[in-house]
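Look at TrEMBL and you will find Gly106, Ala107, Phe139, Asp224, Glu225, Ile226, Gln227, Thr282 tagged as pyridoxal 5'-phosphate binding site. The annotation N(2)-acetyl-L-ornithine binding site is assigned in TrEMBL to Arg142, Ser281. The N6-(pyridoxal phosphate)lysine annotation in TrEMBL covers Lys253.
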Amino acid sequence: MSELQVNRSTFDQVMVPNYAPQAVIPVRGEGSRLWDQEGNEYIDFAGGIAVNALGHCHPILVEVLKAQTDKLWHLSNVYTNEPALRLASKLTEKTFAERVFFCNSGAEANEAAFKMVRKYAYDNFGAHKHRIISFSQSFHGRTLFTVSVGGQPKYREGFEPVPGGIDHVPYNDLAALEAAMDDSVCAVVMEPILGEGGVIPADAEFARGVRELCDRHNALLVFDEIQTGVGRTGELFAYQGLGVTPDVLTSAKALGGGFPIGAMLTTAKAAESLGFGTHGSTYGGNPLACAVAEAVVDLIDTPDVLAGVGHRHQLFVEQLEAINSKHNIFTDIRGSGLLIGAELTEAWHGKGAQFLAAAREEGLMLLVAGPKVLRMTPSLIIDEADILEGMAKLERAIAKVLAEG
Ligand SMILES: *Cc1c(COP(=O)(O)O)cnc(C)c1O
């Protein structure tokens, strides 16, 4: 087979234009480094948007995936399989959850969660109890239900009519939530840290208050940990650090370390409402995905890796502060573990893309979160040398953007 030659301009000819990828095409990755078609090297602070939690091509993940490819790729849920049962056993052992539903992405995990909380309220309290409350600026995925629960109207625009019975209140505002709550609410959905919405952590007191309001009104609490989960904050899941236990937790992104998988975790009681035939996914619980995810969880859920996230957080923050003391470009540096946001000064709001492009030209992959925040979600085991080299590149990129005005 001869290989078809493709480059970045091929994208514009053959792909739906819903993305605007950077000008280069990476072809190979190892740890926190990547190389493009031209052989240019990059330091990766993006981590595939909080997905490559163990870097690129981690040797153990490669080995596990290769071993599974020789055994079994797919069955469908007409059969169960060993990797799925092992992964679910570990996730239930390590969390509050007693039951797991597997799917292929974050949006699908949330879709399952949102359907389940509606069905649970319907089964236990009646059809009137169907309202879902979530937060302004939250992000829960791109399906019609998840953009509806998400708190960013721009993602719903033009796709109406969207599912109803959903209200949004400001994040970290307990009084607003209290005013919106009543016994018609079936669930409150929240990210422990708003990820796409600008890397905004929940106050611990707010999170406790949300839990109390849910209890008072017999509503389930859903934590969307698709971005914060699987070690990102230095705990296996962020709820463990907040000291607030949800009834439902969704995971994806880092769970597969780069192999697509999503999971919804919940209690045995809530799970009863997704009885036989109520929901499903052909690929969900795929043996390849579950084998990789089991290894991801094994590798990340160790005292070493989790403590290392805290040390790396310190280094990121110190380095960003040093850049800021020279260039005065950030008004805030925040986040938890290796989910870090640096808010740009007002003159640069809406111009994050310039920093991303300049960083890429310097050989650094970076992200934004909304119009005014640079976001970093690197590998949880990124080398200190890579952090320092990446920060030197970031400083050069920032100096360049500032010089160009
Ligand atoms: C990325 C993300 C999603 C959506 O996940 P997909 O895999 O893109 O569907 C949902 N919620 C949060 C908090 C996310 O960060």
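A Cβ is built for glycine as well, from the same backbone N, Cα and C atoms used for every other residue.
Those TrEMBL annotations? Automatic predictions, nothing curated.
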Taking the Cβ of Ile226 (pyridoxal 5'-phosphate binding site) as reference, which residues of that chain separated by at least 6 in sequence fall under 8 Å from it?
Gly106, Ala109, Asn110, Gly141, Gly195, Thr250, Ser251, Ala252, Lys253, Gly262
Rounded to the nearest Å, what's the C-alpha distance separating Gln227 (pyridoxal 5'-phosphate binding site) and Arg142 (N(2)-acetyl-L-ornithine binding site)? Just drop the number here, would you?
15
Asp224 (pyridoxal 5'-phosphate binding site) has how many other Cβ neighbours within 10 Å of its own Cβ?
31
Fewest other Cβ within 10 angstroms of its own Cβ, chosen from the recorded positions Arg142, Lys253
Arg142
Please check the binding-site residues Phe139, Asp224, Glu225 against ligand 1 and give me the ones with CB under 6 A, sequence order.
Phe139, Asp224
For Glu225 (pyridoxal 5'-phosphate binding site), the nonlocal same-chain Cβ neighbours (under 8 Å, six or more residues apart) come out as Glu191, Pro192, Phe237, Ala238, Tyr239, Leu249, Thr250, Ser251
Listed in sequence order, residues with CB under 8 A of Thr282 (pyridoxal 5'-phosphate binding site) and six or more positions away
Ser76, Asn77
Among all the protein chains here, how many other CB atoms are within 10 A of the CB of Ala107 (pyridoxal 5'-phosphate binding site)?
22
I'd like to know which of the binding-site residues Gln227, Ser281 has the most other Cβ atoms within 10 Å of its Cβ.
Gln227
Does DSSP put Asp224 (pyridoxal 5'-phosphate binding site) in a helix, in a strand, or in coil?
strand
How far apart, in angstrom, are the most distant Cα atoms among the pyridoxal 5'-phosphate-binding residues Gly106, Ala107, Phe139, Asp224, Glu225, Ile226, Gln227, Thr282?
25
